[in-house]
Each structure stands twice: as structure tokens, then as C-alpha cells.
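Q: Residues or ranges marked as transmembrane segment in Swiss-Prot: 6-26, 51-71, 87-107, 129-149.
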Amino acid sequence: MGIINIILTLIEDMILAAIPAVGFAMVFNVPLRALKYCALLGAIGHGSRTVLMISGMNIEWASFCAAILVGCIGIQWSRWWLAHPKVFTVAAIIPMFPGINAYVAMISVVKLTQIGYSEEIFEALVTNFLKASFIVGALSIGLSLPGLWLYRKRPSV
């Protein structure tokens with residue numbers, strides 16, 4: 001994969017991640033002045049996950065690292081613009097949720113109940129369910145870690 005293709009893929013990925021970030025920010029009643037920052041943070045988070053995946057990291061660890069990055073940037077922006085970090089981070093993290101894996105797992109459950117047990121369907125169910133669960137766990141833990149690190153009242157040692 002050439003460098004031009006990687007850059008074009010990254011730009012496309014970041015633009016397409018900014019759109020749902022703004023949409024969910026509007027659903028959550030984020031102030032109008034913060035919408036552009038939600039879009040930018042969603043693009044940064046999804047773009048960083050894409051870069052990590054292109055470099056060879058699996059999607060679970062890439063999502064974890066991207067969520068940590070989103071959390072750190074959100075905390076810094078909340079200090080600059082005097083807003084709660086969740087204003088920026090929650091809407092920005094939603095485009096990284098594993099919708100396709102969860103959908104395939106759900107369809108596999110429906111197929112299992114409708115046509116009966118099949119090893120291929122059960123394998124698709126378990127694989128996609130576990131992948132979706134680990135990605136959601138990585139996103140939630142990764143998003144909460146910067147707050148635990150940066151707002152710690154006691155010394156860590």
C-alpha cells in the first residue's frame with residue numbers, strides 16, 4: 001500500500017468519523033461552540049486508530065490507545081474552554097464503537113434460533129460477540145484512564 005493510498009484512506013476515515021461525532025454531539029445537546037471540537041476529536045481518535053491498525057496493531061489495542069488519546073485531548077481542551085471533558089470525548093468516541101461486529105453477532109443469534117445449531121454460525125456469533133465486547137471494553141477503559149491519571153489526589157507511589 002503506497003503512501004498516497006494511506007494518506008487518502010486516513011483523510012477519508014477522519015472525515016467520515018467527524019460526521020457521526022457531530023451528530024451524536026447534537027443529540028447530547030453539546031453547546032454550539034463545541035461542535036467543531038467534537039468533530040475534530042472524533043476525527044483524531046478514529047484517524048489514530050486507523051494509523052495504528054495500518055501499522056499492524058489489532059483493532060482492540062488500537063481502539064484502547066485511540067481512546068486514551070481522545071481522553072487526554074478532551075481533558076486538555078476542557079481546561080482551555082472551561083467545559084466538562086465529557087462534552088468533547090463522549091461524542092468523539094462513539095464513531096469507534098463496533099457496530100458491524102455487534103450486528104453480525106446479533107444476526108447469528110437470530111439464525112441460530114431460526115434454523116438451529118450450525119458450527120459456522122456459532123463460530124461467527126462467538127467471534128463477533130467477543131470482538132465487539134473487547135472493543136467496547138477497550139474504549140470505555142481507555143476513555144476513563146486519563147481522568148484517573150490526571151485528576152489523582154494522592155501520589156501514585
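One-based numbering along the chain as shown.
Cβ atoms are placed via backbone N, Cα and C, with glycine included.
What does the local environment look like for each feature on the list?
A: Counting residues 6+ beyond its ends, the transmembrane segment (6-26) has Cβ neighbours under 8 Å at 34-35, 38-47, 50-51, 54, 90-92, 94-96 in the same chain.
Sequence-distant neighbours of the transmembrane segment (51-71) (same chain, 6+ residues past either end, Cβ-Cβ under 8 Å): 1, 6, 9-10, 41, 44-45, 85, 89, 92-93, 96, 98, 131, 134-135, 138-147.
Outside the transmembrane segment (87-107) by six or more residues, the chain places 17, 20-22, 24-25, 28, 30-31, 34, 37-38, 41-42, 44-46, 49, 59, 63, 66-67, 70-71, 73-74, 77-78, 124-125, 128-129, 131-132, 135-136, 139, 143 with a CB less than 8 A from a CB of the stretch.
Here the transmembrane segment (129-149) has Cβ contacts under 8 Å with residues 59-61, 63-68, 70-72, 74-75, 85, 89, 93, 96-98, 101-102, 105 of the same chain, all six or more residues outside its ends.
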